[in-house]
């Protein structure tokens, strides 16, 4: 929120127009599985735009967003907010009432990288950056799996990610966050052999990052994916069932404790 507000608002305005063209819940290829959720991304853009209204500490703690009369006009209302906040030559403004409210029930840590990106690009550019980052991490994980766990583990991990349509994840800011944290956790687990105690500490860190950075859209993957790849590693495959289960239970309690605390 200490970043200059003008370029952020200008790019948020461009982003709002893009979302207006796409719709709040666009379906690609006419298939429900490929339905996007631009509504939540619009709320996140509202957060990014409104952070410039107050001093950094207050903005961080209050997390101001705006209620609108009709959720279906959310993207248009975001554009109106930008029009009212900065001098844009955009023609007549809609008569819409924007009511501020505090969205502080979540930490909005995604703004740490979203606002800087919005200083130089709109949502289209943000999506490109997210694609590059996420698939670079995925490539690292697949290489590590091939080296540490063998070809079969690598192939099945790739199949599992295709099954959850990972190729659409970077298209949405909300989904990118948890997948990025989960992939970073997987890369750390696979970098070298990890003991159960190290895994539990790492899961506490991952749970904390998830609670801070995400809107808790898909938080369970930040637990499930790192634990799954850890179990695929040779030392764990050679262990007995009890020795495998106890670290998983302990790690799950670590992550659950962090998420429930928030």
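Note that Cβ sites are derived from N, Cα and C of the backbone, with glycine treated the same way.
All TrEMBL annotations are machine predictions without curation.
Ranges compared are 90-109, 150-169, and TrEMBL records transmembrane segment for 150-169. Among the ranges 58-86, 203-231, the stretch that TrEMBL annotates as transmembrane segment is 203-231.
Across 150-169, 175-191, 203-231, stretch 175-191 shows the highest tally of CB pairs under 8 A with the transmembrane segment (110-143).
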